[in-house]
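What Swiss-Prot records for this protein:
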type    : residues         : note
DOMAIN  : 3-144            : domain 'Clp R'
REGION  : 6-71             : region 'Repeat 1'
REGION  : 80-144           : region 'Repeat 2'
REGION  : 163-410          : region 'I'
BINDING : 208-215, 545-552 : ATP binding site
DOMAIN  : 417-452          : domain 'UVR'
REGION  : 471-662          : region 'II'
Amino acid sequence: MLFGRLTERAQRVLAHAQEEAIRLNHSNIGTEHLLLGLMKEPEGIAAKVLESFNITEDKVIEEVEKLIGHGQDHVGTLHYTPRAKKVIELSMDEARKLHHNFVGTEHILLGLIRENEGVAARVFANLDLNITKARAQVVKALGNPEMSNKNAQASKSNNTPTLDSLARDLTVIAKDGTLDPVIGRDKEITRVIEVLSRRTKNNPVLIGEPGVGKTAIAEGLAQAIVNNEVPETLKDKRVMSLDMGTVVAGTKYRGEFEERLKKVMEEIQQAGNVILFIDELHTLVGAGGAEGAIDASNILKPALARGELQCIGATTLDEYRKNIEKDAALERRFQPVQVDEPSVVDTVAILKGLRDRYEAHHRINISDEAIEAAVKLSNRYVSDRFLPDKAIDLIDEASSKVRLKSHTTPNNLKEIEQEIEKVKNEKDAAVHAQEFENAANLRDKQTKLEKQYEEAKNEWKNAQNGMSTSLSEEDIAEVIAGWTGIPLTKINETESEKLLSLEDTLHERVIGQKDAVNSISKAVRRARAGLKDPKRPIGSFIFLGPTGVGKTELARALAESMFGDDDAMIRVDMSEFMEKHAVSRLVGAPPGYVGHDDGGQLTEKVRRKPYSVILFDEIEKAHPDVFNILLQVLDDGHLTDTKGRTVDFRNTIIIMTSNVGAQELQDQRFAGFGGSSDGQDYETIRKTMLKELKNSFRPEFLNRVDDIIVFHKLTKEELKEIVTMMVNKLTNRLSEQNINIIVTDKAKDKIAEEGYDPEYGARPLIRAIQKTIEDNLSELILDGNQIEGKKVTVDHDGKEFKYDIAEQTSETKTPSQA
């Protein structure tokens, strides 16, 4: 906090506040201690105004001790509470509004009056202080607010009226203490000062990625000038931030823009103490340049080269390359100052420096742990933005969320409000119907409810004031989870049980295949427990096996268990990539080709949803060169699209399916389901498929995959389970039409027998169910048989399928029997 502008009496008030906190054994200095400090200075305007309302020091002490009492013995440094910081901030704002260049006791009182949620506000309420009258009394005691340094300010800026109307004076704002402190940028500020001190071409341009703190460096220079921490050459300089949009705005006729800009330049040259700051420097190029007119950059060039105009620019690397570098004459007039992204350690220091401002604004405590979590989590999971901007945004939003959560009106108050509204409407209706006795009773009820509401509201507010709201690591994790969709909050008991039983969940849809299900489940648990390699995807798998054994189904089941919907996965059908050039569809078309602006089918989806299951289906169908693009994804967890953006794959599960080697197995007569020597068959299938996989794909690709899993062939028992699962799905579909279907075990066995095919796996079962049940049922429905609301039993008598239609009883009204 900035205490340099406090008067001696105001400084004594803060010292008294600290003494009162120590006397009362309190661990922090709050608004109540500031109020006690004001009362300890009886000659101050604040104390005199309060005394005029019959508020004395003894009364204030009595109220404070009644409200919060004495604390335990406290040892250690006293810190200001967020509300006390807010009061100091508001007092500075009041001084600025009254055009005072100092902060006195009267401004602190105005700050306490404006901050209406602390203990001091409750003391004022208990002592029946009329806030509006007290404020008017303070302003009256100060005399005419226009009589301070306004005239001096006007005379100072009279030399540059046009510039003052088009630009913000950063030095004045820095003097008011409203600029955020600049931390850890001493090297860059020193370099800017060195360039500004040159004889010619003394124009630094700050170049860096968006959000690294370029504008903050210009603000840091303004603060250094105000604090007298600059060389003699820059003392008493004014840093003016020029907005090119304001300069162009309203210039309707030719020559108007040029005239306005020339006027600004003349004022700067005559004043001799102005440093011009142009944020988004690339807007100079082309600004005001209508047909036949000269743009802003060409008007400024001569003055920039001669050193008549000191200008600081700020722009991003991309904009500098596109707009400034292509104009060599403009580029040589500026000296680049590279602004790099700060490290994690530096960002933590920056956030700790800004903590007071955010605590005062949100009125909560921000812990060191929350700051460190914000920096680490934003650095790890928000890959398309830069520190410190993304970490600051994270702290700001999390603080806002915590503040709103703690100040949401409780349900009991909302219920009383609704009851009051209801009684009020009933009373109005009774008056309208001239039922005055009933209306009088309702009026009494309304008065009673309003009193009850006020008591409950005061009780809630008192509880809120007594409670210190803090920002925790968990709050930060919640916000970043909302930004990215990646679950980062602590694992609760329900989720823990869900993760531990993930195998059972997957087996509800995938019959058999224990090896594959176990590998996938372990990868998900590792990631959720925070043990996975942070530079690689959660897991990458190749599923091998004959067609129809559940490779794609397992990927769908995983997507459903993680996101609640099996369509939530990103599916890439590799049969669409049989040509070499089709790889451009994954990362986007090259510049100059159709579709360059649309982005890649894969990269765009992952950018939008970084936490996802990606399925590359039937990989052996794609051109072999397509897989070269996946090498970096599997190893480093990132991929660069055609626009140069790095897409983060570190929070994805990559599943590739293939039935490579199936043809060779068929030739060797090992394909098929069931068999006498299942273990021996599986080993033969496994060896054959792995051998074919190595022949089909390059070793550097296979070496980057976490696990290659060969799926087992399905047994007849597993086929029967699959039939039951498919019949249950059909039952659920028919229940929507109010048809209850029961399929007997004999019918299921016959379907499994008819759908059994050693070459095609489980897929023939779908066709068998269509042929044996769905076709006949559809004929029954369309043939005029009223089977809606009835029970249909499907059985097999050894020769053919039988369909028995009967009325539903109370026991058969649910489809769960199928």
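Keep in mind that glycine also has a Cβ here, set from the backbone N, Cα and C atoms.
Just so it is clear, the model here is predicted, and its values are computed rather than measured.
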Sequence gap of 6 or more, C-beta under 8 Å: which same-chain residues meet both conditions with respect to VAL549 (ATP binding site)?
GLY512, GLN513, PHE711, HIS712, LYS713, LEU714, GLY761, ALA762
For the binding-site residues GLY208, PRO210, GLY545, the one whose C-beta sees the most other C-beta atoms within 10 angstroms:
GLY545
Same-chain residues at least 6 apart in sequence with Cβ under 8 Å of the Cβ of LYS214 (ATP binding site), in sequence order, are LEU206, ILE207, GLY208, ASP279, ALA314, THR315, VAL339
DSSP-assigned states of the domain 'UVR' (417-452) in counts, ordered helix, strand, coil:
33 helix, 0 strand, 3 coil
Are there any residues in the same chain, six or more apart in sequence, whose C-beta is under 8 angstroms from the C-beta of LYS551 (ATP binding site), and if so which?
ALA516, PHE543, LEU544, GLY545, THR657, ASN659, PHE711
Looking at the domain 'UVR' (417-452) alone, can you tell me the average pLDDT?
82
Students should find that the Cβ of THR547 (ATP binding site) has, within 10 Å, a number of other Cβ atoms equal to 15
Counting every protein chain shown, other Cβ atoms within 10 Å of the Cβ of VAL212 (ATP binding site) number 21
Report the DSSP secondary-structure composition of the region 'Repeat 2' (80-144) as helix, strand and coil residue counts.
46 helix, 2 strand, 17 coil
